[in-house]
Amino acid sequence: MLNVELPGLSLKNPIIPASGCFGFGREFASLYDLSVLGSIMIKATTLEPRFGNPTPRVAETGAGMLNAIGLQNPGLKGVLENELPWLEQFDTPIIANVAGSQVDDYVEVAEQISQAKNVHALELNISCPNVKTGGIAFGTDPQMAAALTKAVKDVSSVPVYVKLSPNVANIVEIAQAIESAGADGLTMINTLIGMRLDLKTGKPILANKTGGLSGPAIKPVAVRMVHEVSQAVSIPIIGMGGVQNAEDVLEFLLAGASAVAVGTANFVNPFICPEIIEELPNVLAAYGYSSVEECIGRSWKHEALAHHRA
């Protein structure tokens, strides 16, 4: 009842640890078998290694956290030689998150990493708010987003999903531009831009000044955006933003997501993903659903059916 079929991804269940909140899985593999996961979104990979932003770069908030990590990663060579081979021991498809500062960077990383035998899809990171160049610059302009998507699609050996930024005036317009450029799916949402101030100094707590807000605080925004975008495109969506339990997963499915990524909750409870997987069948049954597929987009498909009958 939990299996989901998406472009490039045959998922045993719809639960995926989100990129940036799971590293490359090594720490979590000491706690449970990663093969139970529907898929794994690995940490963003750039062409060259990145050390990220200066510290402090994480701050707790009332209902979540701010981060300004800055895409710290070992670079394409390190991921291809060390991380992906290590992940081959697990029976779960890998989604490689690709980031860069310019189109050529994305293209080179995508072309090479998509050929790794356990990478089943790419997640194009065009929405990171914590880097000075690239990242969110591509995610806030429909034409730039479409051009980058097409460039990556032209070289990728696997389906391409594009990660959407919530820090835009019209997320539907950007989603449609990306779909028109050939994207196979969308992941959404990335973090909202936020800030915390130190009351003693009056200065921002984060060295980067601003950071990406994640956690329960952003879930209503994420659900609303998934609900809107899923009605405007025909490609599948992997929803994310503030998921803490199986009820949250069901809410994203009803809004129109076909699978759900769990991010910040992994920092609070490292067992959260397997716990949600175990809990989900009972939650679906409690609300009268016999499968994940039956839930997808129910919130608006129900309205459309009622309107059609009227």
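Indices start at 1 and increase along the chain as displayed.
Including glycine, each Cβ sits where the backbone N, Cα and C put it.
Positions annotated as active site, nucleophile by Swiss-Prot: C128.
For the recorded site, N125 (FMN binding site), the DSSP three-state label reads strand. The FMN binding site annotation in Swiss-Prot covers S19, K43, A44, N97, N125, K163, I189, G215, G241, G242, G263, T264, and the record cites similarity to another entry as its basis.
According to Swiss-Prot, the feature substrate binding site maps to K43, N67, A68, I69, G70, L71, N125, N190, T191. The number of other CB atoms found within 10 A of the CB of K43 (substrate binding site), across every protein chain shown, is 21. Secondary structure from DSSP puts K43 (substrate binding site) in coil.
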I'd like the number of other C-beta atoms within 10 A of the C-beta of G70 (substrate binding site), please.
21
Cα-to-Cα gap, T191 (substrate binding site) vs G241 (FMN binding site), nearest whole Å:
8
Taking only C-alpha atoms and a 10 A limit, tell me which of S19, C128, I189, G241, G263 are near K43 (substrate binding site). These are the recorded positions.
S19
Give the residue from the binding-site residues G241, G263 that has the most other Cβ atoms within 10 Å of its Cβ, counting over every protein chain displayed.
G241
